[in-house]
């Protein structure tokens with residue numbers, strides 16, 4: 001679709017109050033899903049982050065990388081095992097996870113931001129003890145009894161020390177964070193990227209937390225894209241979970257939004273990362289995209 005000059009002008013005018021409103025504000029973006037695989041979507045996300053930075057916003061990117069980790073493990077002859085959606089991570093697997101997330105994906109994102117006119121610095125939770133972590137244990141039921149399963153080097157966020165992020169932003173760079181935490185003995189932990197993004201947003205007291213997903217948002221009817229719930233009050237969440245409207249992998253994402261709101265983040269969004277420039281559409285247009293989770 002080709003826009004006329006008048007239509008392009010209208011888009012810029014619509015964005016103007018939002019550019020003014022969010023000048024100097026922090027937006028934490030969880031980058032994952034199809035947007036990390038498709039070349040055009042990769043380009044769009046990088047361009048979105050660069051534009052936000054150039055108009056005075058403070059974007060912070062937290063990225064995942066599950067598919068690339070699984071691919072690398074397969075190439076090295078290691079099978080991936082998951083329990084409750086968490087990758088069982090022994091010491092050797094943790095080395096591979098860290099190599100892929102920190103050494104490969106993180107640096108590719110940094111390079112692409114520079115390619116499209118921005119400046120970025122790649123970090124992980126071990127840098128400046130940004131993300132202090134503790135071991136996570138899976139609680140399961142077997143034969144009617146509750147059991148704890150050791151997931152290896154899978155972690156939970158214990159504490160976020162955002163000083164290094166603030167320093168990077170103050171120097172004019174976009175921080176790009178890999179979701180690796182550091183334990184009390186200096187050991188590495190693999191942490192869910194949504195959780196890292198949420199806790200980082202709280203520590204930075206971000207104005208927005210934006211989670212990119214592979215769905216339109218939260219749908220009242222999962223078979224009907226037109227049933228998108230554009231704004232969801234936290235008080236409705238238990239009922240929607242009970243009804244099965246919020247289910248599967250969407251539950252931890254919604255819980256992440258709730259935790260962020262409780263911690264002082266002003267707005268949280270679950271948006272469709274398969275739409276080019278969905279971040280800009282959410283931030284700079286009247287209608288936005290996806291589902292906004294709000295207090296209430």
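For all residues, glycine too, the Cβ spot is worked out from N, Cα and C.
Per Swiss-Prot, the feature site 'Transition state stabilizer' maps to 30 (among others). In the three-state DSSP assignment, the secondary structure recorded for residue 30 (site 'Transition state stabilizer') is strand.
Residues or ranges marked as substrate binding site by Swiss-Prot on the basis of sequence analysis: 65, 66, 87, 190. DSSP assigns residue 65 (substrate binding site) to coil in the three-state reduction, outside any helix or strand. Cβ neighbours of residue 65 (substrate binding site) (same chain, under 8 Å, six or more residues apart in sequence): 32, 36, 100, 101, 105, 178, 193.
In the three-state DSSP classification, residue 253 (site 'Transition state stabilizer') falls within a helix. The Cβ of residue 253 (site 'Transition state stabilizer') lies under 8 Å from the Cβ of 194, 211, 213, 270, each of these being in the same chain and 6 or more residues away along the sequence. The feature site 'Transition state stabilizer' is assigned by Swiss-Prot to 253 (among others), with sequence analysis given as support.
If you measure from the Cα atom of residue 190 (substrate binding site) to that of residue 30 (site 'Transition state stabilizer'), you get 16 Å. Counting only the Cα atoms, the space from residue 87 (substrate binding site) to residue 30 (site 'Transition state stabilizer') is about 19 angstrom.
Take the CB of residue 190 (substrate binding site) and look out to 10 A: across all protein chains shown you find 25 other CB atoms.
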